Each structure stands twice: as C-alpha cells, then as structure tokens.
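So that you can see what the record holds, here are the features copied from TrEMBL:
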type	residues	note
DOMAIN	260-353	domain 'Transglutaminase-like'
ACT_SITE	Cys268	active site
ACT_SITE	His327	active site
ACT_SITE	Asp350	active site
BINDING	Asn390, Asp392, Glu442, Glu447	Ca(2+) binding site
Amino acid sequence: MMDASKELQVLHVDFLKQDNAVSHHTWEFQTSTPVFRRGQVFHLRLVLNQPLQSYHQLKLEFSTGPNPSIAKHTVVVLDLRTPSDHYNWQATLQNESGKEVTVAVTSSPNAILGKYQLNVKTGNHILKSEENILYLLFNPWCKEDMVFMPDEDERKEYILNDTGCHYVGAARSIKYKPWNFGQFEKNVLDCCISLLTESSLKPTDRRDPVLVCRAMCAMMSFEKGQGVLIGNWTGDYEGGTAPYKWTGSAPILQQYYNTKQAVCFGQCWVFAGILTTVLRALGIPARSVTGFDSAHDTERNLTVDTYVNENGEKITNMTHDSVWNFHVWTDAWMKRPDLPKGYDGWQAVDATPQERSQGVFCCGPSPLTAIRKGDIFIVYDTRFVFSEVNGDRLIWLVKMVNGQEELHVISMETTSIGKNISTKAVGQDRRRDITYEYKYPEGSSEERQVMDHAFLLLSSEREHRRPVKENFLHMSVQSDDVLLGNPVNFTVILKRKTAALQNVNILGSFELQLYTGKKVAKLCDLNKTSQIQGQVSEVTLTLDSKTYINSLAILDDEPVIRGFIIAEIVESKEIMASEVFMSFQYPEFSIELPNTGRIGQLLVCNCIFKNTLAIPLTDVKFSLESLGISSLQTSDHGTVQPGETIQSQIKCTPIKTGPKKFIVKLSSKQVKEINAQKIVLITK
C-alpha cells in the first residue's frame with residue numbers, strides 16, 4: 001500500500017486575475033466569486049504538497065446545478081495528465097514551478113451558464129472547498145457563442161455601459177429619463193446567478209440565451225411568491241417606493257437579493273431597467289426601448305378597439321384594449337437556431353406583466369425581423385408585440401336608437417400605433433429612432449402588405465374597413481408643449497374633399513389619466529361650432545388650467561391629459577374622431593460640479609432652480625445619485641413660490657475611480673421629476 005504521506009494532494013487553488021482585454025471586463029463585477037465568460041481561457045494556480053511527477057493523477061471537475069452528474073451533462077471532468085476535451089471544455093498544464101502548477105482552462109462556447117463548483121482530484125484525494133466557486137457567463141466576444149456581437153462599440157454600449165436612460169413622455173414631447181443599470185455593482189451579479197437557480201430552467205437549458213432570456217423576463221415580476229418586483233399602476237404607493245422615484249436597477253436587485261422579498265413598486269420602465277441590467281450582467285447584449293402610443297391588444301385580433309358614447313367619453317366596460325402614452329421594454333441580441341434562417345439579431349423581451357405566455361407573465365424573445373415582416377406566429381409572442389407597435393386602431397361610436405345600442409366605426413387609424421420607437425444611441429447621450437427596425441414606414445405599400453400578411457396568418461378576414469366618407473378625408477389633433485399651470489390648446493386639423501363653406505360641431509372630452517390610459521379624473525367637456533372653408537382647416541379648443549390643477553393633488557404619478565375629439569359636419573352629418581395625449585413641460589435647473597474629483601475627497605454639487613411655473617411647488621427636494629458614491633444624497637427645500645429662485649448644496653464623497661455619471665433630480669408634489677446630469681472623472 002502506498003504511503004499516504006507520498007500521495008499527491010492539492011492544498012489550495014487560486015483563480016488568477018487577468019486584465020480586462022483578456023477577461024472581457026469580468027473583474028469589474030463587485031463580487032468575491034471569480035467570474036469568467038464561456039469560450040474564454042482562464043488560469044488556475046494549484047498549490048501542491050509536493051512537486052508534480054509524471055505518474056501523479058490530476059483531474060479538474062466542474063459541476064453545476066442540483067445533484068450534478070456526468071449523465072445529466074452537469075459535470076465536466078478534465079484530466080491534466082492526458083490531452084482532455086470533455087463537452088468541448090479543455091485544460092492544459094501551462095507551467096510547473098516546484099510545488100505550484102498553473103493550469104489553463106477553456107470552457108465550451110456552449111457551456112451551461114451559472115454557478116460552478118470546482119473539485120480537484122489527485123488519486124484518492126479530492127479538494128472540495130466552498131472557496132472554489134466560479135460564475136460562468138455568456139460571451140458576446142466569442143464568435144461561437146450564440147450572443148456574439150461583432151461590433152466593439154456596440155459591445156461597450158450593450159454589455160459594459162452601466163449607465164443610460166429610458167425615453168418617456170408622449171410622442172410629440174419625448175423626455176429623457178436617466179437610469180443607472182449598475183450591472184457591476186455589489187451583489188447584482190450574485191442576484192442574477194441566484195435568479196437563474198430560482199427560475200424554472202433546467203441546468204442544461206441554461207446553455208441557451210433564448211430560454212435564459214425568457215426565464216429572466218418571467219422572474220422580474222412577482223407572482224405566486226416568486227419574482228423581483230411588484231407592479232403597481234393604482235397611483236397609491238403606500239408601503240413601497242413610487243415607481244417614478246427609482247433611478248437605477250442596482251438598489252432593487254440588491255434589496256431583493258438581501259431580503260428574498262419582492263420589491264415594491266414598479267412600472268414598465270422599471271421592469272425594463274432591471275431586465276436590461278440582468279441580461280447585461282449575464283452577458284446578453286441588451287438595450288432599453290420605448291414605443292410611443294403603444295397598444296395593448298387584449299383580444300389578440302391585431303386591432304385596438306375603443307368604444308365611446310355620443311359625448312366622446314370612453315365606455316370602460318366595452319373598451320378592453322388600451323393605448324399607453326409610452327411603453328418601455330428590452331431588446332436582447334442573440335442567434336435563433338430554434339427558428340428558420342433569418343431571425344437572428346435583436347429580440348423584443350417585455351418584463352412588464354401584461355399577458356400570460358405559456359402560463360407565466362413574460363413576453364418574448366420575439367425577433368424584430370418577424371415583427372417587421374408580420375410573421376406573427378414566430379415564437380415567442382410575436383403577435384402581441386406586433387399589435388403593440390403596428391396594430392390598426394378602430395374607434396366605435398355607441399348610439400342608443402329606440403332603446404338599442406348601435407355600433408358604428410367612425411374612425412380607422414392605421415398610423416397612430418407605435419410611434420417614435422426609441423433607444424439610446426451607441427456611445428452617445430442622444431435618442432436614436434429605431435422605428436424602421438420594427439416596421440416599414442407608416443402609409444407605405446410594404447406596411448399595408450405586412451398587415452394583410454398578418455391577418456392572413458391569423459386566418460381572419462378584416463371585419464371592418466375604413467369608413468367611407470363623402471367629404472371628410474382625415475382628422476388629427478395636435479397639442480402644444482405647455483408648462484404645468486398654463487392653459488392647453490388643442491388644434492383640430494380637418495381635411496376635406498371640398499373647399500366649400502360648412503359648419504362643424506367639435507366636441508372634446510378631457511380627462512386626467514396615467515400613462516397607461518387608466519382614467520384618474522374627468523376634467524371637462526368642451527363644445528364649439530365653427531365655420532370652416534378650404535380643404536384644410538383648423539379649430540382650436542382651449543383647456544383652462546383651472547380644470548386640471550386641483551386634480552393633480554390626487555395623482556402620485558406623472559400627469560397625462562387625454563383628449564377625445566369628435567367632429568361632425570353639420571350639413572352632411574359625417575363624423576370623425578381622434579384622440580390626443582399631452583404631457584407637461586417643466587422648467588430646467590442648473591448644476592455646478594467640478595470636472596474631476598478624487599476618491600475620499602468631498603465633492604460639492606451646487607443646484608440652482610427658478611420656479612417659472614404659475615403655481616407654487618411644495619415638498620421640493622433635490623437628490624444626487626451616482627455609481628461613484630456609496631448612497632443617495634438628498635436636500636429638502638419645502639415650498640418654492642412662482643418666480644422664486646432657490647440654491648442648494650449637496651455634498652458627497654466618491655468611492656470609485658473612472659468617469660462617473662452624477663444624476664441630480666428635483667422633485668415635488670406637483671412636478672414628479674426634473675433631471676440634470678454630468679460626468680465627473682474620479683481619480684485616486
């Protein structure tokens with residue numbers, strides 16, 4: 001029998017740190033666990049009890065998932081004494097120096113994602129330690145990986161950039177909302193790996209970014225005791241954080257990881273923000289995307305149906321579809337070997353819990369190519385996303401005739417859904433319009449052919465065509481950008497076949513609502529009869545500020561005014577209708593921050609704000625947030641009267657080096673948020 005003292009034993013294992021050019025920035029993650037990308041070489045230093053001899057056995061065993069085994073493809077064994085290749089993993093001895101050896105390990109580009117345990121076997125001895133844990137991520141730098149992204153600037157934006165923005169507001173008044181994705185922050189990657197374990201994915205399914213993406217999408221919303229974030233669109237956020245107050249993903253994911261309790265509360269941009277963070281952390285290129293006038297087609301018939309009474313008021317018990325002022329989701333980049341050729345690239349993934357997909361609240365990944373072509377049965381959930389960005393809109397007038405309801409289509413809009421689809425430009429703080437990636441230009445022959453193709457796939461004839469009008473050609477409504485507290489003008493633009501003098505009755509119904517279309521308060525009805533002449537004419541309705549100011553107090557959200565306008569030509573009795581959404585503009589404020597700062601030294605931000613609104617602002621607060629400081633800093637200022645100027649100083653101490661974006665936010669009861677930002681270079 002061999003003397004046990006002569007047996008080879010591994011006393012310790014070190015994962016060697018590599019520079020970012022080799023590791024593709026995995027050492028930026030603030031976690032105690034070594035992180036590598038699949039298909040990438042990494043190095044181990046093994047400390048032995050004696051120099052390695054030719055007759056010694058030395059094997060590495062990487063295992064993942066519950067009850068791992070070779071039969072379940074969740075254990076990889078690499079023999080260092082002979083050339084080894086197990087499941088396309090490889091390991092070679094690089095260097096031997098006394099009792100230390102260096103090993104190069106290359107994982108498969110198709111390896112299972114997640115947490116691995118490393119065991120080292122030497123004959124009868126096994127070194128198994130909780131310290132020998134590693135995380136393995138997708139690798140967009142590797143050509144053989146399904147998430148490979150060839151452009152380096154795009155990889156910097158969609159994998160490495162930890163700050164960015166969402167676009168919110170309205171189609172005619174797009175606002176920039178800063179967002180800290182924070183994928184490298186403390187506990188964020190740990191949370192993402194934990195979510196993989198909590199999800200319903202089998203370990204072998206974690207090879208596939210399509211299935212990982214879908215599982216992470218489902219895990220973002222809370223259901224049946226599981227999930228990160230609770231959605232809330234009621235306007236009542238007691239017991240949690242109002243969605244508009246979040247400015248980044250990291251605090252949400254950190255809170256969930258530390259408490260294992262769902263976080264309160266989120267809306268679409270928050271769900272999109274945390275999903276984008278999770279995907280970037282796991283190595284899937286991802287971007288936040290906003291569509292304006294986005295539809296929710298509950299009947300899945302490719303049309304968005306709105307029912308109104310003769311006063312222009314929406315009939316809520318008949319109108320089940322809705323149009324959101326804006327909606328934010330995530331695009332993820334990957335190959336789609338599960339589909340016919342041509343569907344690789346960007347995929348729409350929507351973490352906002354709207355409709356169930358295969359029994360759970362998630363949506364996608366749906367190829368943008370399929371959405372653009374109207375291939376509505378390409379998986380996953382392409383029909384739903386297609387309707388979100390390209391549905392036709394029908395407006396029904398419900399009239400009572402002899403005690404019976406009669407329904408008449410008074411307007412069919414083919415260009416009102418899915419406007420100004422936006423994302424942040426690569427390497428720049430500006431908006432990039434990507435509507436063309438989702439659909440052909442509105443009104444083009446290709447766009448109508450796509451709609452016909454989609455209806456054909458639905459095996460459904462279009463039940464309704466555009467109403468035939470003898471004289472009326474088109475009607476639209478526009479609103480000016482208005483500072484909160486000022487009157488609002490709505491301009492009704494009428495196009496007719498004739499230029500003859502005619503009378504038109506204009507009826508406008510106005511309400512305060514959430515960005516999702518949910519009614520908060522009825523504001524007023526406006527009626528106006530005008531004489532029009534010429535083929536194009538305009539009629540203006542003015543909404544006095546008194547009609548909406550008092551209603552703002554009941555809303556703990558960004559206010560949206562919805563106007564529904566019905567126009568009737570008196571002589572011909574022809575009717576058309578249109579809907580308009582308006583969000584308010586706010587005064588800007590200025591910040592003064594130095595261009596550079598140093599770790600551990602005080603940094604002072606001066607904020608200057610003049611209330612140019614016609615109303616006082618109450619509970620005014622400034623807040624400063626950055627991934628370069630340890631925590632949110634705030635400053636309270638009470639009430640600011642119209643015309644009053646205030647100044648505030650916020651002090652913070654940087655804790656991280658590099659160019660760091662500092663986001664300063666002003667909030668009040670009336671104005672939920674105004675943002676300013678600056679990048680400061682922090683050095684040691």
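From the backbone N, Cα and C atoms, a Cβ is placed for every residue, glycine too.
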Nearest-integer angstrom distance between the alpha carbons (Cα) of His327 (active site) and Cys268 (active site): 6
Cβ-based neighbourhood (8 Å from the centroid) of the Ca(2+) site, residues Asn390, Asp392, Glu442, Glu447 excluded: Gly391, Thr414, Thr415, Ile417, Gly418, Lys439, Tyr440, Arg448, Val450, Met451
Cβ contacts of Asp350 (active site) (under 8 Å, same chain, 6 or more positions away): Cys217, Phe271, Ala272, Trp329, Thr330, Cys362, Cys363, Gly364, Asp381, Val385
Cα separation, Cys268 (active site) to Glu447 (Ca(2+) binding site) (Å, whole number): 27
Position of peak Cβ density within 10 Å, selected from the binding-site residues Asp392, Glu442, Glu447: Asp392
Cys268 (active site) and Asp392 (Ca(2+) binding site), distance between Cα atoms, whole Å: 23
Whole-number mean of pLDDT values that fall within the domain 'Transglutaminase-like' (260-353): 94
Between Cys268 (active site) and Asn390 (Ca(2+) binding site), the C-alpha gap once rounded to whole angstrom: 19
Spatial neighbours of Asn390 (Ca(2+) binding site) that are distant in sequence (at least 6 apart) but have CB under 8 A: Ile371, Gly374, Ile417, Gly418, Tyr438, Lys439, Glu447, Val450, Met451
Cβ-Cβ neighbours of His327 (active site) (radius 10 Å): 27
Cβ neighbours of Cys268 (active site) where a neighbour is any other Cβ within 10 Å: 26
